[in-house]
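**Student:** Among the features that Swiss-Prot reports, ATP binding site is placed at GLY170, ASP171, ARG172, GLN173, THR174, GLY175, LYS176, THR177, with the record citing sequence analysis. According to Swiss-Prot, the site 'Required for activity' annotation covers SER363.
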Amino acid sequence: MVTIRADEISNIIRERIEKYNREVKVVNTGTVLQVGDGIARIHGLDEVMAGELVEFEERTIGIALNLESNNVGVVLMGDGLLIQEGSSVKATGRIAQIPVSDAYLGRVINALAKPIDGRGEISTSESRLIESPAPGIISRRSVYEPLQTGLIAIDSMIPIGRGQRELIIGDRQTGKTAVATDTILNQQGQNVICVYVAIGQKASSVAQVVNMFQERGAMEYTIVVAETADSPATLQYLAPYTGAALAEYFMYRERHTLIIYDDLSKQAQAYRQMSLLLRRPPGREAYPGDVFYLHSRLLERAAKSSSFLGEGSMTALPIVETQSGDVSAYIPTNVISITDGQIFLSADLFNAGIRPAINVGISVSRVGSAAQIKAMKQVAGKLKLELAQFAELEAFAQFASDLDKATQNQLARGQRLRELLKQPQSAPLTVEEQIMTIYTGTNGYLDSLEIGQVRKFIVELRTYLKTNKSQFQEIISSTKTFTEEAEALLKEAIQEQMERFLLQEQA
């Protein structure tokens with residue numbers, strides 16, 4: 001018979017008491033009243049925060065957007081096909097956040113920062129809130145460094161600086177994405193991290209852009225955030241904020257970043273869909289009342305950090321689509337008022353073969369020449385005025401039969417300048433090449449050539465200058481000034497190349 005010793009029993013009881021875990025886990029739960037169209041109505045969830053993540057029984061995540069007196073309106077981050085009426089929901093106590101790290105470079109991810117390129121998981125050790133406050137006034141400094149796009153029309157007349165927000169606006173199929181992707185290609189070797197956010201686009205279009213980046217070696221410094229047209233509205237609405245959080249991660253590490261939102265019209269439409277389904281009152285064009293805040297809180301995150309914060313920068317190029325050139329619609333006017341200028345792409349110019357189809361007359365950069373190197377200021381100062389006068393003259397010349405010699409000369413010069421601004425896609429130019437091109441046009445060296453010969457001559461001149469007068473490029477890149485020596489070298493090269501070119505044409 002086993003004898004029971006009292007001291008052993010007391011030891012066992014004491015051990016049990018010591019191991020007893022008094023921690024009580026409180027979970028805030030609710031039940032689904034109604035679900036459908038990417039929206040769920042939840043009863044309960046008494047202490048849920050606005051924007052808090054909630055988790056359904058079958059693991060779908062949602063965001064609590066509407067906090068009403070008797071229920072909570074939740075938008076789903078998934079199809080939610082397995083969610084049933086009466087199933088339970090629990091609040092997670094977290095606001096939407098994503099993991100961030102340098103390992104995201106070269107990857108294609110979705111709005112939840114999950115990789116969708118089939119190249120495995122991304123290792124991260126840090127996370128950032130998707131929505132974080134924009135830098136304050138003290139944390140910023142004024143924009144002073146240029147961010148070269150590689151497009152002559154933009155870098156000479158509508159310059160963009162690091163930390164600026166410049167809107168790209170135009171009808172569908174006018175080359176808006178091409179301007180943005182060319183800008184990314186031109187950042188090669190410039191130590192700029194690029195984030196391309198595709199919102200509500202065709203998967204084939206996004207694949208095309210990614211392939212082009214890979215072929216040109218641009219994916220090394222680029223992150224693509226993609227939510228295609230078949231994604232839930234919630235994810236299309238979140239995608240730009242995810243991109244901004246990734247760009248901010250690098251900005252606060254004293255790096256320069258460029259972020260492209262392609263396009264914010266689709267994000268506004270996704271937000272409108274969510275708001276109407278949540279029964280929020282519609283306003284102008286059926287958009288909810290806070291659609292301005294939707295874009296302002298996103299674009300205000302782009303900044304040039306002060307020297308105290310390491311002078312990093314985040315440059316934003318939002319894209320907005322217009323309907324038959326109507327810039328006075330709701331979303332275009334909102335975004336124009338938030339940004340520091342706009343590049344207007346015209347369908348008429350595009351169809352007339354002027355590409356990039358930038359309407360220089362109504363495009364503007366509110367940073368202006370502060371975002372240009374001295375050499376570009378010296379050369380391009382008169383260009384915008386000359387083109388504006390030419391456009392006016394051209395309209396007038398359609399009605400006049402006999403024009404005086406001076407007017408004819410001005411028209412001829414304008415036609416050649418317009419020819420210089422044409423550029424094939426995915427062929428960005430260096431600043432030195434742009435300066436050479438503009439100088440050649442504005443100083444009348446092309447006036448003797450036929451319009452059809454202008455581009456051929458300029459291409460040959462670029463090659464000639466590179467091989468025979470390489471000092472020109474060195475002077476501009478080192479001094480950032482169009483010195484007398486550089487001008488003499490360029491004049492020499494133009495004259496030598498012009499002689500060769502005319503001989504070739506005669507042969």
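Cβ coordinates come from backbone N, Cα and C, glycine included.
How about a rundown of where these features are and what they're close to?
**Tutor:** Around the Cβ of LYS176 (ATP binding site), the number of neighbouring Cβ atoms within 10 Å comes to 25. DSSP assigns LYS176 (ATP binding site) to a helical segment in the three-state reduction.
DSSP gives SER363 (site 'Required for activity') a coil state; it is part of no helix or strand. If you take the C-beta of SER363 (site 'Required for activity') and look for same-chain residues 6 or more apart in sequence within under 8 angstroms, you find MET157, ILE158, GLY341, GLN342, ILE343, PHE344.
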**Student:** Tell me whether ASP171 (ATP binding site) sits in a helix, a strand or coil according to DSSP.
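**Tutor:** ASP171 (ATP binding site) sits in coil per DSSP, no helix or strand.
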**Student:** Just checking, which of GLY170, GLY175 (binding-site residues) has the fewest C-beta atoms within 10 Å of its C-beta?
**Tutor:** GLY175
**Student:** Other residues near the ATP site, CB within 8 A of the CB centroid of GLY170, ASP171, ARG172, GLN173, THR174, GLY175, LYS176, THR177?
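**Tutor:** What remains near the Cβ centre is GLU321, LEU345, ALA347, PHE350, ALA357.
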**Student:** For each of the binding-site residues (THR174, THR177), count the other CB atoms lying within 10 A of its CB, then report the residue with the highest count.
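**Tutor:** By the 10 Å Cβ neighbour count, THR174 comes out on top.
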**Student:** Given a 10 Å Cβ-Cβ cut-off, pick out the one of the binding-site residues ASP171, ARG172, GLN173 that has the most other Cβ atoms nearby.
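**Tutor:** Of the binding-site residues ASP171, ARG172, GLN173, the highest Cβ count within 10 Å belongs to ASP171.
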